[in-house]
């Protein structure tokens, strides 16, 4: 808990050895009374000040500083007097009068006040605080001597003015309590040890605004600030609060101190061209008012204004500019000031005939001059029948004072502090070894600020009050009246995430919209898309890029897409992972076609076998060892049938069977053809004198050759199945959208050894048949064997590149095609001529024909 220091320094006039003269004139106070203890007050009664030239040729004060009483804007007279701030000053006078009339607070002592105008400018605020410190007789005195009777100061509304005032008071350890300065910079106790305030710091306001932006999804905002510490530090705080969120600044523009139309037009151009529809404004109403006048001329529409506490309850803006309807902003909490409205009615030019500010108030409120000597002689004289002007209608509305109530609390805080100091008992204070203050010698003292009008005013370690705001919405009713409607609140004492409470159904949006306005740089990315940040632009500006195939996003505004598991794939929309389609050579159109071809081939082979069995006694069947022909036809039948094992879902048994059955049956077939070739070659070689080769190629020897050649393949296959057998394989790499179910060969070496051995047998057979192709005889099969082996080798040579390059189930189809093509090649080349003679040319199927 921080306590207020109240101190008065007394210096003997004898101690002053040198004289000092005031450099220029000091403005007289607006209101001033005398009493036992004086509290100063500084209020921005005018919006602007006419500063002296800064060419450093003359003294800076050679030309006096004057507050603007009126200003011309586009040939229109704009009143620069602020009735709202004047009401704050009257709140201070009311509070002091109440305290002086109370018997329980500072009895037998009177508080006095000395109130000055800062003109909402740091330079004039410093002049005002120096005037308060020097006392009321400084203008008439030629020697600045003595000490100020000032116990404390109420002020200022602007943060920049409060910084100047606090630094001026700090050497004297005179405390000040601000009623409306919210800059977070003032929380630095090292720089401003005697500064306190009854309004929350901007650190809390920017947190509330950041939560408001998140609540309504406004991620693309513009920020306009005044060119003072208040605007700069508020912007820094807002950037800090939205740093780790998805909220971005579309632009930040600063209303210049020296208002020029060219600068304002540049700002308005940025606002007009921007896609941001939510604009946060940190500015006092004095700086914002002329900016809005130029804004009207640019036909900029669709803006949702977010007001800072500095202007969210500024009725003159609400009444003057209808396009501000729907404005949202956080205002300091309201309170109750008893008798305030009646007191305001007593402030008239008749009661204060010599007070120029009261005359200005009358001219602003009623648009008439209370006397012929008024500053605005162009106004008509008041008749007493004038009505309160619409733009200042809130002046007499005291039902929910906010800033005025802060002034009220600040005065009572000083009064209670002083009361505790004067009436404390020695030994009972926070420091028991220090005596209490007396009327003639008041030292700095730390005291707890007690209840103020039923509300306890406490300060944290930074001198700030506990944060609490009302969320205000500007609503214009059918009658045309504007009202500041409370639609929520922000309580900084609540748990994180529970501070902001909003009644959304009670909000009236800008342009009479019924739903929450949108303000985004890019529309949200729907599921199935991811955000891709645009190069050189804020993170809020992005493109929605569809997820790559095999990846999904199942939520809005996904930063990245998630890869599906290995056995899953993304659907068409890229929102969910679905099981991959399993592909294998099944009984589809291709599988059925190959099955039919294989069955037809097996049927034709069996038919030929039946024909040969039926005609086994004829010369053409017996001429070249009918037993070998039967073996060839049987093995060819098995070759056709083994193709069926390749069709269907692969299993462990089918994978082992398909390759071994294929290799062994083909080895048997080629071995039989090799035996037949040797017999043909030996038969014609045996006709030479002295040749006995046929005794080495009798039926037994032929069976041994076939058995041995086939046995080699059986041994290779046995080793293959033992060491690394084929197995079912789910291939998810080759085609990402499908699972290719196929048989892995297990050992590539064994697979190519099997094919290589078949190829070796075929090449040997081809070579021997080629040598016997021109031997005489009508039934010489050497040329048919040569042609069949040529087709066989061509098919399997073409198989190798086709097998390696074919995707998915086509790999299996290529292997089946090679089996069927080579089988048909052998069947047609070897047996078509014989069947032709048996069936169509039986006259040639004679022994005589054979011997020709």
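Quick reminder: no glycine exception, Cβ is built from N, Cα and C everywhere.
Just so it is clear, the model here is predicted, and its values are computed rather than measured.
Under the heading domain 'G-protein coupled receptors family 3 profile', TrEMBL lists 590-852.
If you look up TrEMBL, you'll see 1-19 marked as signal peptide.
Annotated transmembrane segment per TrEMBL: 589-614 (among others), in sequence order.
If one looks beyond the transmembrane segment (626-648) by at least 6 residues along the same chain, the residues whose Cβ comes under 8 Å of a Cβ in the stretch are 584-587, 591, 594-595, 598-599, 601-602, 605-606, 608-609, 612-613, 616, 654, 657-658, 661-662, 665-666, 668-669, 672-673, 675-676, 679, 699, 702, 706, 812, 815-816, 819-820, 822-823, 826-827, 830-831. According to TrEMBL, the transmembrane segment annotation covers 626-648 (among others).
As annotated by TrEMBL, transmembrane segment applies to 660-684 (among others).
The transmembrane segment annotation in TrEMBL covers 704-723 (among others). Away from its own ends, the transmembrane segment (704-723) comes close to residues 628, 631, 656, 659-660, 663-664, 667-668, 670-672, 674-675, 678, 746-747, 750-751, 753-754, 757-758, 761 of its chain (Cβ-Cβ under 8 Å, at least six residues beyond either end).
Under the heading transmembrane segment, TrEMBL lists 749-772 (among others).
If one looks beyond the transmembrane segment (784-804) by at least 6 residues along the same chain, the residues whose Cβ comes under 8 Å of a Cβ in the stretch are 670, 673, 676-677, 680, 755, 758-759, 762-763, 765-766, 769-770, 773, 811, 814-815, 818, 821-822, 825-826, 829-830, 833. According to TrEMBL, the transmembrane segment annotation covers 784-804 (among others).
Residues or ranges marked as transmembrane segment in TrEMBL: 816-839 (among others).
On the 0 to 100 pLDDT scale, the domain 'G-protein coupled receptors family 3 profile' (590-852) averages 82 in the predicted structure. Sequence-distant neighbours of the transmembrane segment (749-772) (same chain, 6+ residues past either end, Cβ-Cβ under 8 Å): 659, 663, 666-667, 670-671, 673-674, 677-678, 680-681, 684, 709, 712-713, 716-717, 719-720, 723-724, 780, 782-783, 785-786, 789-790, 792-793, 796.
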